[in-house]
Amino acid sequence: GLELSHCVGTNSLGPAGPWRSGAPCKMKRVRTVFKPEQLERLEQEFLKQQYMVGTERVDLAATLHLTETQVKVWFQNRRIKWRKQSMEQKAAKLSQFGVIQPASADSTDSKEHEEDTVDVEL
């Protein structure tokens, strides 16, 4: 779940730096580990639609015994993975035909709805 672990970096070893000057301890979120059944259902829903919002997300979260935030973040991460796989497939096809595409520096900064764009041949 979204449990928080105990204070991070509060061991007694090492010098006391300015970051330990009586400030409240920094909490670190524990990584969510999804059950196989949850992942299977999430993947099924992703195949239907890549964006899940509103009551659909609330209902899915309740069905899977997850929080709405966990479902939202899973979909965000899954879209990133999906876009990366699409880019790799596209690059593989281009290289298959001998077309080499220069590496783009901003390829990781993909726009939210980039997959909705349509290339028109003139």
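Count begins at 1; order follows the chain as displayed.
Positions of Cβ are set from backbone N, Cα and C atoms, glycine also.
Sequence annotations record features per position, and here TrEMBL assigns domain 'Homeobox' to 25-85. Annotation comment: TrEMBL describes 27-86 as DNA-binding region. The region 'Disordered' feature in TrEMBL is assigned to 100-122.
Look at the DNA-binding region (27-86): DSSP puts its residues at 42 helix, 1 strand, 17 coil. Taking the domain 'Homeobox' (25-85) as a whole, pLDDT averages 94 in the prediction.
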